[in-house]
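K.L.:
Have a look at this one before I ask anything.
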Amino acid sequence: MLPVVALVGRPNVGKSTLFNRLTNTRDALVADYPGLTRDRKYGQAKFEKRQFIVVDTGGITGDEEGIDAEMAQQSLLAIEEADVVLFLVDARAGLLPADQGIADHLRRINKQIFVVANKVDGIDGDSESAEFYSLGLGAIKQIAAAHGRGVSQLLQDALKPLESDFPDMEIIDEAPEEEEDAESQRQRLQELPIKLAIVGKPNVGKSTLTNRILGEERVVVYDMPGTTRDSVYIPMERDEREYILIDTAGVRKRKKISEAVEKFSIVKTLQAIEEANVVLLVIDAREGITDQDLSLLGFVLNSGRSLVVAVNKWDGLSTDIKDDIKREMDRRLGFIDFARIHFISALHGSGVGNLFESVQEAYMSATKRINTALLTQIMEMAQDDHQPPLVRGRRVKMKYAHAGGYNPPVIVIHGNQVDDLPSSYKRFLMNYFRKALEIMGTPIKIEFREGNNPFEGKKNNLTLAQQRKRRRMMSYYKEKK
C-alpha cells in the first residue's frame, strides 16, 4: 500500500502548482493513452526512489454552501484518510482568517502536518513566514512551487517518517540482466491468491456484485470509527483457485433505515488498485461512460494492473439503447482494447458467472512465463515486418529482448538508439508482442536500454610493431603530398 499526501489550504495558495510538480502533469491528458482524461485532484507521484499518492483537496474557506459545501466535505474526508498533510499558506499574502480556520480543524486530527509557506521567491522568506508560527502547528517549510525551490527538502522531511509503515513506497530497480529475479517474481505470484479489486464510482452496484459473487450478504453497513480508512479484504475460492476480494464499497454510511449511501473515497480506491493483481471496473450502463470512469481507468493503466470491465444494470434496457451504449464504448474505450468487457446484472446475476474466466485469463497473461529466445524472435519478426525509422541518418538497431518483470509483463529491449524510437513505433511493438504472445486483459510495459559500447572510454594502445607500421604509413602519405 502507498502512503497518501494531502495538499490542504485556502484557494490560490499554489496547491495545484505543487500538485503538477509532484505528479509531473500540466493538463488532463494521460501520455500514450489518447482519449483518456486524468482527474486533476488525485495522482501518483515519485520522488527519488519513493512513490506515493498525492491529493489536491481543493480550496477550503469554512463558509461554503450548497455544492461547495459538498466539495469541502470531500476535501475533509481526504484529509482524514491522508498519512501526511501539507498545509499550504501564501507567504506573500500573509496570515488570513481562512488560514486560521483550516488550522483549527487540522489541530483536531491526529496527523503529521507540515505548514508550507509558498511563493517565497523574491522575498525574505524568514521574515514573511514568521507570523505563521502563531498557528501552533510547528516549523514552517518554505518553498516556491512554481520554480521547485525547497520542494525536494520538503518531501524528504515529509516522507522519511513513513518508510517503516509503508515498505511498498520504495521503488526497487531491477537490473536488466537479472532475469532470475523476474522469474522468481512470477513464481511467487503464481503461488499466491489472486487479489481482485472491485472498483467504480458511487452507486454502480459494487456491493451488489460483491454479494452476488460471494453468494451471501457479506458486505454490510459499518458505523464504527476507523472503518472509513481501509477496504474490506474477503478471502474466497472459486474453480479451485484462491482469491482475495478487495471491496472498496464495503464501508457505507446509513442516512435512513431504508437507504444506504456509499461513502465514496478515491483515496481508498487508488490504494485498492495498487494492492490488486486484477481490477474489476464496474460501469453503470444507464449512465454511460463518465469522466470519473475514465479517471479510474487512468489509475488502473498507470498502475499496470490487469483489467476486466463489467457494464452493470444491463437488464431491462431496450435493444436500441444497448446498441447505443456499445457504440459509445467502442468510441471512448478504444485504448483498452486488450480488456474483456462483460455486460451483466449484479442484481439478477446474469453474466456474473463469466467474469472469473476473464479474471483468470488476465492474471495468467500478466504472469505468463516468457523466455528470452522467444521474445527476441518476436522482436526480430516485428523488425522485419516494419523496420525501425532512421534517427540522425542511422537505422535504429534492436539487438535482443528479455523479460524484466511480471504483473504487468515487462519486456526489456536492448539496442542502439532505442531511446530515440518514436511513440508510434513503440505502440506498434507493444501490439505486436501482445498479438504474438496472446496476452489478454493486461497492459504490457516495454523498456528500452541502450547497448553499451565495450570500447567506450578506452584508449587504443598500439604494440611496438603497430607503432612502427603506423609511422611508415604516415611518412608514405606525407611523401605523396
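Cβ atoms are placed via backbone N, Cα and C, with glycine included.
Positions annotated as domain 'EngA-type G 1' by Swiss-Prot: 3-166. Annotated GTP 1 binding site per Swiss-Prot: 9-16, 56-60, 118-121, in sequence order, evidence recorded as sequence analysis. Summarising the annotation, Swiss-Prot assigns domain 'EngA-type G 2' to 194-367. Under the heading GTP 2 binding site, Swiss-Prot lists 200-207, 247-251, 312-315, citing sequence analysis as support. The domain 'KH-like' annotation in Swiss-Prot covers 368-452.
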K.L.:
Determine the Cβ neighbour count for ASN12 (GTP 1 binding site): the number of other Cβ atoms within 10 Å of its Cβ.
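P.N.:
So the number of other Cβ atoms within 10 Å of ASN12 (GTP 1 binding site) is 10.
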K.L.:
Quick one: pull the CA-CA distance for TRP314 (GTP 2 binding site) versus THR57 (GTP 1 binding site), whole Å only.
P.N.:
35
K.L.:
Tell me which of the binding-site residues GLY9, ASN12, LYS15, THR57, VAL120 ends up closest to GLY200 (GTP 2 binding site) in space, Cα to Cα.
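P.N.:
Checked the binding-site residues GLY9, ASN12, LYS15, THR57, VAL120; minimum Cα distance to GLY200 (GTP 2 binding site) goes to THR57.
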K.L.:
Whole-number Å distance between the CA of GLY9 (GTP 1 binding site) and the CA of ASN203 (GTP 2 binding site)?
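P.N.:
That comes out at 30 Å between the alpha carbons.
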K.L.:
Please identify, among the binding-site residues ASN203, LYS206, THR248, the one with the smallest Cα-Cα distance to THR57 (GTP 1 binding site).
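P.N.:
Comparing Cα positions, the candidate nearest THR57 (GTP 1 binding site) turns out to be THR248.
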K.L.:
What is the three-state DSSP composition of the domain 'KH-like' (368-452), stated as helix, strand and coil residue counts?
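P.N.:
Per-class counts: 32 helix, 26 strand, 27 coil.
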K.L.:
Based on DSSP, name the secondary structure state of GLY200 (GTP 2 binding site): helix, strand or coil.
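P.N.:
Going by the DSSP assignment, GLY200 (GTP 2 binding site) belongs to neither helix nor strand, so it counts as coil.
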K.L.:
Which of the listed binding-site residues (GLY9, LYS15, ASN203) has the least company, meaning the fewest other Cβ atoms within 10 Å of its Cβ?
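P.N.:
Checked GLY9, LYS15, ASN203; of these binding-site residues, fewest Cβ neighbours within 10 Å: ASN203.
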K.L.:
Out of ASN203, LYS206, THR248, the binding-site residues in the record, which is closest to VAL120 (GTP 1 binding site) when you go by Cα distance?
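P.N.:
The smallest Cα gap between VAL120 (GTP 1 binding site) and any of the binding-site residues is with THR248.
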K.L.:
Expressed to the nearest Å, what is the distance separating LYS206 (GTP 2 binding site) and ASN12 (GTP 1 binding site) at their Cα atoms?
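P.N.:
Counting only the Cα atoms, the answer is 36 Å.
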K.L.:
How many Å separate the Cα atoms of ASN12 (GTP 1 binding site) and THR248 (GTP 2 binding site)?
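P.N.:
So the alpha carbons of ASN12 (GTP 1 binding site) and THR248 (GTP 2 binding site) sit roughly 32 Å from each other.
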K.L.:
Could you say whether, by DSSP, LYS15 (GTP 1 binding site) belongs to a helix, a strand or a coil region?
P.N.:
helix
K.L.:
Return the count of C-beta atoms lying within 10 angstroms of the C-beta of GLY200 (GTP 2 binding site), excluding that atom itself.
P.N.:
26
K.L.:
Counting other Cβ atoms within 10 Å of each residue's Cβ, which of the binding-site residues THR57, VAL120, LYS206, THR248, TRP314 comes out lowest?
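P.N.:
Candidates: the binding-site residues THR57, VAL120, LYS206, THR248, TRP314. Fewest Cβ atoms within 10 Å: TRP314.
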